[in-house]
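Trainee: So that we are looking at the same thing, I have put the structure below in structure tokens.
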């Protein structure tokens, strides 16, 4: 009768009978290792291609195919390895479990190969996932075996086999990740990665087989080794053919998709695109080419590109192409030139042409992009329309005689004259003597200095009206470097000046409003480091004007000592980056009060202007709410949330000071019987009293928290002297074990205490709590204390 394999562990001394020693077919062992290395190499090649792909859907498809291939490769290695494993009787396999065993290998391969699963990009996680996938495949596959004997695993070798898989997978994946930065070639780094992954797969397999113990089988029966060789050869051939299919399929599909997309892009661009061979014959044209020149594609393909040129250009083309074939670094490549093209109907039109070589080989050919410049005049008309539509006066004067050569519609409207009465005239002919002299002096200064000048808010009389103009004068140079024109851009800010005056009145009203709202306004001049405060600022800071000299230091010394560095650094960062200031901080008022202040500021030139307002009541209310959220409802001690915040803060302090942080984990003994016998009300009385005693023992800098029904944690901060730890633990023990008076009479509980030190016993808060918890339970077991 064929026995089903059951998955269980036994040590060698516990085995009931003499073990059956297996043998291995060495050629098939070598073949199984090579299958694993080969499958890993192909999978890594596919993964490299997938990572470079810009097509997400294709990347997903090929990631799954690569994962399936690697998973099948792992499975094939296992199956060939099992054929190499020879027992003195016939071995059969359960088909369903054999097929199912490939699933964990495929899933682990997908997690490792997929570029989408960012949460698994950590090398340790990927190594563990891959090792577990290999191990799961192996041991699920082993469960498919059907042999007329008993089988078990040595637990130590079993665990070692998983470690082998995880460790060697880690080496492989690390090498694979170094592909971009390594000086080794693509093939070399892939080969190393595949070798380590193959060793991880086969090493795990044969270590797992070494953990296998078989006994109690029937007498030796002949085994058909030749049949095993035939099956192994079929598996090898199948893996090789599948890899060839995947690689060729990926390459062909990727090229086809890229070609389709490239053709779509070329058809979508507005410029004409023409590709020619080295003899000048057209190989490709896009739709824009046919639209621009009037030809059908079939009329152009195979024709010499001279068909698109006027005769004057066509005569020079052959020599130009010959020179370009011998000089692929020709300076015209990549640059744009203004030329002329010829349409099918014979029309000549201006174009710009940009040429690029298709390769560095002489037979590579060229590609050119062509833009139709026929609408250049339309563009000039468009620019004139824009010029006339700008909501500022723009005027251009000739630098020789300062007469107007151009003026836009806003300038015409502002000057109150038709354009015909302005163009060709000078300022002396258009304005009164004083205004004309002012404008001409600006023009001559711009010409003399050779750079832009700016005049702000100059009041002038134009058209019998007082107007305020903000003007920029800019010299315009010709191609020889001489000043040809003077460009004047003037913005009529009359309405803005009047609005500014109105704003001054509004500011007065705002000042009254901010005073009523108790919002202080300040101004900090960074050139002389002085401060200007309004009356509300003096009220907020509790100062009289005579106590404040208007200096930055007068304000800084009022900052609360623990907030000083934070606020000063925030201000320095704002000054360095010219960004707004937003900070909440505390101050020490002269009357002894500590107040919470919200400050906001913004840069205006070399000054920062801002507001302060007192938020003490809000902050205190928030602190009260936060304390309630971080306190244990029954005892008033800190809860787990507050404890974790405290430990994280003290960890940071420990890194700065070098002192230790100690965690005491306390669990009450004999508390459960009190609850069961006297009820929860009495139990709550006991917990409240113990909490009070622990609070009395704790130092002011420590944190006492209730983290469970009868579990407490004491976090000892800034422990410079660890020798005092035993004495501290004894003080908490003595305080807790004293009799407790309740409505049910005097009751006594015990306590077990475990401790952990940072950084000695753990780097994270969870590590410290877990270590202290474990030591507490060890203490409870040692003392024989119960719940």
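Cβ coordinates are placed from backbone N, Cα and C, and glycine is handled just like the others.
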Trainee: Quick one: which of 156-173, 264-281 does TrEMBL have down as transmembrane segment?
Mentor: 156-173
Trainee: Looking at 26-50, 301-325, which stretch does TrEMBL describe as transmembrane segment?
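Mentor: Spelled out, TrEMBL records transmembrane segment over residues 26-50, not the other listed ranges.
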Trainee: Same-chain Cβ contacts of the transmembrane segment (125-144) under 8 Å, 6 or more residues past its ends?
Mentor: 5, 7, 71, 74-75, 78-79, 82, 93-95, 97-98, 100-102, 104-105, 107-109, 111-112, 119, 161-163, 165-167, 169-170, 173, 200-201, 204-205, 208, 212
Trainee: For the domain 'PAS' (379-458), what does DSSP give as the number of helix, strand and coil residues?
Mentor: 42 helix, 18 strand, 20 coil
Trainee: Looking only at the domain 'GGDEF' (659-787), what are its DSSP counts of helix, strand and coil residues?
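Mentor: Summed by class, the stretch gives 61 helix, 38 strand, 30 coil.
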